[in-house]
Amino acid sequence: MSLFQHVITSSLMLVLFGQLVSANWDPATGHLYNYRPSKSWISQHQSGARCFNDVQVAECAQNTRLSYPHVQLFATFEVEHSKDKNHGCPYGTCCGFSDLPSPSDMEADLDNYHSFFWHDLAGISGPGTNPIANPQTGTFGYESSDGKFHEGKADVSAEQKGHDSHYPGFKLPPAWSNFNYPSDASQSGQPKCGTADGENSDPGQTSGSYGSRSPQRSGRYSGHKPVRPISPTTPSDNNS
């Protein structure tokens, strides 16, 4: 093989490999609506982060974006409100991090940010979103790790839960423990598509779509109570 052919072949392999590792179907184990790390924390941890624009919140929660040797522990989702009426909303920018913020790093940002966690390190249990949706109809489906979207019931046999726990030298930081999560840090199924003072603009799904649902329309769907800081659990918290 000539040097030229070798370079071309190597380049194609790199492109293919990059495509294959661009996302892994590895759902978040925890979530917090309406919270993000401080801007200072985000700026200090940008070097190992990867960000993707114009994605659904479900894509951010269902897929990890980092590749070996980086283990994704956490992701932020910044909402783009200009797309609050699009099927599959909220849409925005998803950033995956190999670092875990502490509870004291977290700040409330109503209906503008959501946070996701992996490896059972923090957050309210589960990814906290609906399945990924067809942006034209709202039909539920799933995205396989090759980046292809499939409508209908998810083939969970293709999930890669905890895939990066098999990386050489895998080690996790201490998990958050004994913390009381505010009640508005989670909702049923999906974050609101709208601003804190507005109603939910989620258009739902076209008639006959797989996963039929009717989004709540109330302006109180999210974020109309004072949001408390994330704090250690106390006996009074448990009784409230």
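Cβ from N, Cα, C; glycine included.
Distant neighbours of the compositional bias 'Polar residues' (128-139): 28, 31, 33, 56-59, 61-62, 86-88, 114, 116, 149, 151-152, 154, 186-187, 189-191, 203-206, 209-211, 213; these residues of the same chain sit at least 6 beyond its ends, with a Cβ under 8 Å from one of its Cβ atoms. Residues or ranges marked as compositional bias 'Polar residues' in TrEMBL: 128-139 (among others).
Annotated compositional bias 'Basic and acidic residues' per TrEMBL: 145-166, in sequence order. For the compositional bias 'Basic and acidic residues' (145-166), same-chain residues at least 6 beyond its ends with a Cβ under 8 Å from one of its own Cβ atoms are 19-20, 22-27, 63-64, 66, 68, 71-72, 119, 131-132, 134, 139, 210.
Sequence annotations record features per position, and here TrEMBL assigns compositional bias 'Polar residues' to 177-190 (among others).
Taken from TrEMBL, the feature compositional bias 'Polar residues' applies to 202-219 (among others).
The compositional bias 'Polar residues' feature in TrEMBL is assigned to 231-240 (among others).
If you look up TrEMBL, you'll see 128-240 marked as region 'Disordered'.
Among the features that TrEMBL reports, signal peptide is placed at 1-23.
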Helix, strand and coil totals (DSSP H, G, I; E, B; other) for the compositional bias 'Polar residues' (177-190): 3 helix, 2 strand, 9 coil
DSSP helix/strand/coil residue counts for the compositional bias 'Basic and acidic residues' (145-166): 7 helix, 3 strand, 12 coil
